[in-house]
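Engineer: The structure is given below, and queries will be raised subsequently.
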């Protein structure tokens with residue numbers, strides 16, 4: 001019998017406590033960038049019953065009404081009723097934002113290449129906002145070149161939110177989680193969905209039988225292609241039996257606690273840095289986007305079926321200290337050729353990434369729920385496939 005393997009990824013809805021925090025942090029970032037594209041922002045958020053704390057470091061000429069941004073974000077998510085234990089108008093908002101450390105700022109505003117080597121290249125001016133390593137990934141399992149388990153997991157919780165916000169399923173509340181287990185064949189191709197887990201917050205009067213029927217028929221079967229489902233697929237719908245208390249009333253939330261949900265669902269390695277609330281001088285964010293951009297174009301060019309790109313930086317230095325590409329034995333050319341082509345085509349200095357992907361714009365709040373990578377519902381610059389021909393030519 002051929003060997004088959006299972007892989008599982010999860011996602012969470014926009015109403016999950018950690019995702020509320022991410023969205024608030026990115027809403028603040030967007031509000032600042034709309035007035036001051038050169039701002040340096042590191043905005044962290046903590047949420048719990050009846051309270052939001054916003055803290056971190058910001059250098060900007062902009063004035064932003066933090067209180068209003070927080071409340072508008074919470075209302076947009078759907079926390080508008082007192083019985084949720086967390087509502088837009090009654091929540092306490094406690095901002096505590098300070099100026100960015102001058103020790104960090106001197107390395108970001110004037111990179112080592114400019115200070116030490118007197119470089120005149122304007123793209124050498126910005127140094128990395130911190131040391132670190134970042135990964136980007138792509139695989140040919142889905143049209144958006146993402147792993148199937150995380151792709152399906154995101155789409156399931158997005159569908160729940162659509163049904164809730166449209167009023168089609170009126171008993172749904174904002175907090176929800178999904179988890180999808182996919183079975184792979186001996187060639188590492190996805191063949192079926194083995195297990196689907198969905199937990200969704202709900203009003204107290206609805207029966208679990210009704211929730212199960214609605215979730216299977218109106219969420220799972222509308223999102224997961226029928227050829228992946230069979231009579232052996234397991235469905236766990238609200239397996240605790242009740243999920244009325246949710247959101248920040250049920251659990252506290254913090255910015256940056258869903259980094260695997262934000263990326264590839266554990267299918268690829270992760271450098272550990274979170275995204276939300278950070279401007280593009282923070283390579284945790286911008287270099288992760290650049291690495292995804294590279295990996296996606298490599299796979300789209302047919303140069304590999306699967307590609308993982310690692311970038312690494314030193315704080316205050318513009319050029320990356322390393323670039324590595326791993327195609328897991330699927331490349332059609334030597335990986336050394338791919339690395340040389342990537343270094344030639346993509347400017348991986350922070351200022352180069354910012355320019356290449358136009359990252360000084362207020363585009364970040366929309367990424368703070370349902371994944372930063374592989375999005376088909378919004379237009380993100382790191383998802384473009386405009387380097388395919390350049391890569392094909394460069395490896396000849």
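Note: Cβ is positioned from N, Cα and C throughout, glycine not excepted.
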Engineer: Examine the ranges 100-110, 111-121, 122-132 and name the one recorded by Swiss-Prot as region 'Flexible loop'.
Structural biologist: 100-110
Engineer: 10 Å Cβ neighbour count around residue 176 (ATP binding site)?
Structural biologist: 30
Engineer: Checking the spread of the ATP site as listed (16, 175, 176, 177, 242, 243, 251, 257, 258, 274, 278): what is the longest Cα-Cα distance, in whole Å?
Structural biologist: 36
Engineer: In the three-state scheme derived from DSSP, which category covers residue 278 (ATP binding site)?
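Structural biologist: In the DSSP reduction, residue 278 (ATP binding site) maps to strand.
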Engineer: Looking at the region 'Flexible loop' (100-110) alone, can you tell me the average pLDDT?
Structural biologist: 63
Engineer: How many neighbouring Cβ atoms, not counting its own, are there within 10 Å of the Cβ of residue 18 (Mg(2+) binding site)?
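Structural biologist: Cβ-Cβ neighbours of residue 18 (Mg(2+) binding site) within 10 Å number 22.
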Engineer: List the binding-site residues among 44, 57, 282 whose C-alpha is within 10 Å of the C-alpha of residue 258 (ATP binding site), in sequence order, or say none.
Structural biologist: none
